[in-house]
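Listed features, source TrEMBL:
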- 48-317: domain 'G-protein coupled receptors family 1 profile' (DOMAIN)
- 36-57: transmembrane segment (TRANSMEM)
- 69-93: transmembrane segment (TRANSMEM)
- 105-136: transmembrane segment (TRANSMEM)
- 157-179: transmembrane segment (TRANSMEM)
- 199-230: transmembrane segment (TRANSMEM)
- 260-281: transmembrane segment (TRANSMEM)
- 301-320: transmembrane segment (TRANSMEM)
Amino acid sequence: MPECGGSTSRLFDENSEFHARIIVALQGAYGQMHQMVSFLLCVLGVMANILHITILTRPVMKRSAVNRLLALMAVCDTITMIDYLLYLIRFGIMVDPNDPPYGYPYVWICYLIGHVVASIALHSISLYLSVATAFIRLMAIARVQSTMMRPRIAWKIFVGIATLMTLLIIPTFYVHQIVQSEMKGEYMVVLPQDDDIRCVIFIVNLWLTGIFFKVIPCILLFAFTIGLLYKLHLNKISHEKIASKQSIQMRCAQSDRTTILLILLLAVFLITELPQGILALLNALYTEDVNRYLYSHLGEFFDLLSLVNGCICFILYPCISSQYRETFSLLIARLRSSSMTPYRQHSPQLSRLAPASQCCSVETDYPGQPSENRLLEVSEVNL
């Protein structure tokens, strides 16, 4: 039976091996390292995101709707990486590349479908939560007392996004079929053929995946980030008219740093997500060629991009938010103080020392800040 989505138009010329050689070369350069790189990235990413969640759920941090959304984002990314670790071990490390199996036990095939559906859903929820944080920051910088900054709204946004993504992922679950392989007791997953009604759903789902799960988040995040940078620029101009020269220099330095980091966050997001959206759209138009030449050789590389995007928040967000850095320092100080408690009980000298939490205490509440500084604080955004 013909493959679903097969058409007379081709993305690649089958008579020319030029494109295929380039793709195979790219896959060969990275494919041999994928398991090791992905395993280390997942382990480090899980630990980083757990620490990220711990910091963002401190009382002083969770008073912000953005921080609560970021914590929920980190939860989604953590579950995604743990799931990918299990997938990598069972379907990568435990498989002999020289003698791949015809199929797998039924339980593992059910897990494989669950892995595909859950990873797409969780990653999409994380992407839209990133968009939501950018939108909230844009509203907050326009009006400091915006209702979008209220902590309780974070759960409403999360439930709304999670519900929508769950509904949109249903076709992905439906188009995957489990069939028995050539070996008794082993099964495999196949996609629908042209004579199956599932084929129509499969093609629609490819468009759905490319547009709603990748392209739209990229467009929204780009628009909100540009709007946020424009608001920061206007605030900078208005501040220069009323502030002293020294204050202007300090404000410009901090504003320039925030601008650079915002652009960097946007660039990372677009680099890791937009190519996958474009590829999904190409898959809807040239299903056979994309599966044969692109997904089969570059699929692991696109998995890596998604994993990188799931780790980037912990790396870049401390560079933007001073409150995050202060909370992190206070948390480390408390951990060190707790670890030294048994020694203080037996050491008169240590017992006379002030607790680390007192020595390293920081001001984490900002009720009396001038409005200009508060505007700059809300501009510290994680995309």
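Numbers run from 1 along the shown chain.
Cβ from N, Cα, C; glycine included.
Contact between the transmembrane segment (105-136) and the transmembrane segment (199-230) is supported: at least 3 Cβ pairs lie under 8 Å, counting only residues 6 or more apart in sequence.
Counted as Cβ pairs under 8 Å, contacts with the transmembrane segment (260-281) are highest for 199-230 among 36-57, 69-93, 157-179, 199-230, 301-320. Within the chain, the transmembrane segment (301-320) has long-range Cβ neighbours (under 8 A, six or more residues past its boundaries) at 26-27, 30, 34, 37-38, 41-42, 44-45, 48-49, 51-52, 70, 73-74, 77, 80-81, 84, 123, 126, 257-258, 261-262, 264-265, 268-269, 271-273, 275-276, 279, 328, 380-382. Contact counts against the transmembrane segment (199-230), taken as Cβ pairs under 8 Å, peak for 157-179 among the stretches 36-57, 69-93, 157-179. Summed and averaged per residue, pLDDT over the domain 'G-protein coupled receptors family 1 profile' (48-317) gives 83.
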